[in-house]
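Q: Here's a structure for you.
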Amino acid sequence: MLTCGPGSEVYSLYGHTAIRFQNLTKGEDLAINYGMFSFRQRFFILRFVFGLTDYEMGIIPFNAFLAEYQSEGRWVKEQTLNLTPTEKANIQKALETNYLAENRTYRYNYFYDNCTTRARDILVDNLQGEVSYPSTSNPDATYRSMTHQWNEDSRWTRLGNDLLLGVKADQPTEKTEQQFLPDSLSHDFDLATINRTGGSEKLVSTTHWLIPPTVVSAKHSTFPGTPQGYATILLAIAAILIIVAHIYAPIRIVSLGLYLLLFSLTGLCGFILLAMIFSQHPTVSLNFQILILNPLNTLFLFQRFRNSHKYIHLLTICYTLFFILSFFQQYAEGIILLASCLLIYLADRIYIQKRLTTNR
């Protein structure tokens, strides 16, 4: 089994898994993987958002595979498996069947059915024994926390992921569920055993680096600053504008302009989260961040709603619920500061409305 390090593209941040197949008699040395896709697919982005993307099984010469990862500055680790002749034949037959034109395409699912889980299943399912993984695991590991380990240097990519992931991404995962990540599967294979009729033995016989991680490392694309940093600046500016507006009335126009922009942008994002309810992707259907990235925010563009007591109070309730539910879902970086920014403005609107009512 081949485990590959992360790359600089968004789709390669979490690494990759492939299978190396060698037939010395025929002189074959192939790399087999389940991560083939094309951005040229019709409506690719839309299909990906709704979890309708199809990936394919691909087979290329091993030397070409390794050269590609070498050029991208990504490490590659090889684990040779302890297989009997029958098991090797079973896996070869399964791979050949899987590569038939009618079988090689599958519906990709990031957490449950990806290039890593496919490689694992076709290997494990064709063994003549049961694979036992080490009992030691991280019971607190969630899908979100595991992806965070791999996108630490790509904070804006992490922001996009966390905005779409809902509360289910923060639930504890089982050992096999954690194997959607290539490095997690590689680690588990290293410690796993095969329990056959004649006894048990280690699943992996040898492990070595084809491209060491100390030699090269992929460079991650970066965008200046962090979401938390920009959100902090935004909150400070918004608070200052509101305070100054009570002292110098003309500045209220500037404050209103800023909030018209914020409410419209967060409202548009809310429609995306609303659409994700119908996505086939796991863990995105129930997302409490929709209380802040709320489609109702777009109504703030209309003066009728900005001056409506019921509308302002409805948004206030939504935002308050957002903070309460933060105990159950880990929100995207900076989103709580953004919520504070919007809530401060709503509180100011309520204060002004009450003051106007009192003065009448």
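Along the chain as shown, residues are numbered 1 onward.
Each Cβ is built from the backbone N, Cα and C atoms, and glycine gets one as well.
In TrEMBL, annotation is done automatically, which means it is predicted and not curated.
Positions annotated as domain 'Lnb N-terminal periplasmic' by TrEMBL: 2-147. What TrEMBL lists as domain 'Lnb-like transmembrane' is 226-352. Summarising the annotation, TrEMBL assigns transmembrane segment to 229-249, 256-278, 311-328, 334-352.
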Q: Could you count the residues of the domain 'Lnb-like transmembrane' (226-352) that DSSP puts in helix, in strand and in coil?
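A: Result for the domain 'Lnb-like transmembrane' (226-352), in helix, strand, coil order: 101 helix, 0 strand, 26 coil.
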Q: Please list, for the domain 'Lnb N-terminal periplasmic' (2-147), how many residues fall into helix, strand and coil according to DSSP.
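A: Tallying H, G and I as helix, E and B as strand, the rest coil: 48 helix, 42 strand, 56 coil.
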Q: Averaged across the domain 'Lnb N-terminal periplasmic' (2-147), what pLDDT does the model get? Just tell me the whole number, please.
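A: Averaged over the domain 'Lnb N-terminal periplasmic' (2-147), the predicted model reaches a pLDDT of 90.
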